[in-house]
Amino acid sequence: MADLKPYIAKAASGEPLSLEDSRAAFDIMMSGQATPSQIGGLLMALRVRGETVPEIAGAVASMRSRMLGVSAPNNAIDIVGTGGDQSGSYNVSSCSAFVVAGAGVPVAKHGNRALSSRSGAADALAALGINIEADASIIGRSITEAGLGFMFAPMHHSAMRHVGPSRVELGTRTIFNLLGPLSNPASVKRQLVGVFAPQWLVPLAEVLKELGSEAAWVVYGDGLDEMTTAGTTQVAALENGRIRTFEITPEEVGLRRCDPAELKGGEAAVNAKALLGVLEGEKNAYRDIVLLNSGAALVIAGNAKDLKEGIALAAQSIDSGAALDVLQKVIAVSNDKAA
């Protein structure tokens with residue numbers, strides 16, 4: 001039986017793990033060969049020292065090797081946040097996913113139930129009537145027929161059951177908060193990834209580059225794990241094999257700066273109602289932040305030359321009814337009915 005102890009000792013001494021060591025350590029944890037206290041020990045040793053790019057890349061490689069995959073077109077995109085930003089905001093990435101799909105880009109949306117907020121992507125989408133536990137073939141069909149498929153993380157990463165109890169008992173952020181967005185079951189090559197702290201912008205862009213992404217923006221929105229209209233968004237963009245960093249304000253792309261309180265969400269039912277409101281054309285701060293994130297995703301997808309054009313295409317997706325149409329089709333297909 002493989003032994004996690006040498007890796008714990010190495011990490012605890014402050015020594016970084018190589019990508020190969022990290023993958024081996026996570027393979028041991030994800031195959032049920034480590035005790036909960038060993039798992040907790042390694043996770044906290046990494047957290048206290050600060051996880052490195054090779055450690056994250058090795059952990060992602062281990063997760064990806066065990067996941068239940070979903071087939072999706074080559075140009076599919078994901079819009080996802082790490083969670084853990086403690087903001088309690090609306091489900092921005094989920095709403096943006098419908099808008100991007102309505103603009104003609106296939107979306108393979110990966111998400112989970114709430115970890116630190118009151119409503120995660122899965123909670124809100126389930127409240128809208130989407131079957132979040134659809135099997136992989138139905139999700140693949142949903143991406144093809146409806147333009148969007150939702151992949152509920154626990155259904156695709158069953159090996160996570162071996163580390164779940166340790167994560168719950170630790171009750172604090174670990175490397176696993178970073179791994180979910182990087183372990184998309186449809187193996188998308190284009191992503192908009194929100195992070196809970198700015199120090200992760202460049203490292204996660206480097207991990208995505210290391211693991212073969214074609215284009216990605218890793219973003220932090222002044223306290224939010226998405227782009228924000230309540231402040232300045234910091235971006236690390238992976239484009240053509242290079243990473244560049246820049247900042248975006250709402251004003252420079254023609255959007256109103258809002259008060260952070262205007263972005264506060266609530267329980268799943270509240271967030272689902274608000275999401276539906278945006279897709280039905282309500283004009284408010286939630287719409288604006290969705291336009292910003294959707295616009296960025298359309299740039300990453302290659303469908304818009306810049307953020308202003310992306311925002312215009314996103315507005316058109318909502319105002320034409322296309323985004324709402326995607327939601328209705330996803331509800332139908334996920335429940336195994338014709339779209």
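Backbone N, Cα and C define each Cβ position, glycine as well.
Within 10 Å of the Cβ of His110 (5-phospho-alpha-D-ribose 1-diphosphate binding site) there are 27 other Cβ atoms, across all protein chains. When secondary structure is read from DSSP and collapsed to three states, His110 (5-phospho-alpha-D-ribose 1-diphosphate binding site) falls in the strand class. Annotated 5-phospho-alpha-D-ribose 1-diphosphate binding site per Swiss-Prot: Gly81, 84-85, Ser89, 91-94, 109-117, Ala121, in sequence order, evidence recorded as sequence analysis.
Residues annotated as anthranilate 1 binding site in Swiss-Prot: Gly81, Asn112. Taken residue by residue with DSSP, Gly81 (5-phospho-alpha-D-ribose 1-diphosphate binding site) is part of a strand. Gly81 (5-phospho-alpha-D-ribose 1-diphosphate binding site) has a Cβ environment of 30 other Cβ atoms inside 10 Å.
Secondary structure at Ser93 (5-phospho-alpha-D-ribose 1-diphosphate binding site), as computed by DSSP, is helix. Annotation comment: Swiss-Prot describes Ser93, Glu226 as Mg(2+) 1 binding site, evidence class sequence analysis.
The anthranilate 2 binding site annotation in Swiss-Prot covers Arg167 and is backed by sequence analysis. Under the three-state DSSP scheme, Arg167 (anthranilate 2 binding site) falls in the helix class. In the structure as shown, the Cβ atom of Arg167 (anthranilate 2 binding site) sits within 10 Å of 19 other Cβ atoms.
In the three-state DSSP assignment, the secondary structure recorded for Glu226 (Mg(2+) 1 binding site) is coil. The Cβ of Glu226 (Mg(2+) 1 binding site) has 29 other Cβ atoms within 10 Å, all protein chains considered. What Swiss-Prot records for Asp225, Glu226 is Mg(2+) 2 binding site.
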Residues that sit under 8 angstroms from Arg113 (5-phospho-alpha-D-ribose 1-diphosphate binding site) by C-beta distance, when 6+ apart in the chain: Gly120, Ala122, Asp123
Packing count at Asp225 (Mg(2+) 2 binding site) (other Cβ atoms within 10 Å of its Cβ): 29
Binding-site residues: Ser89, Ser93, Asn112 - member with fewest neighbouring CB atoms within 10 Å: Asn112
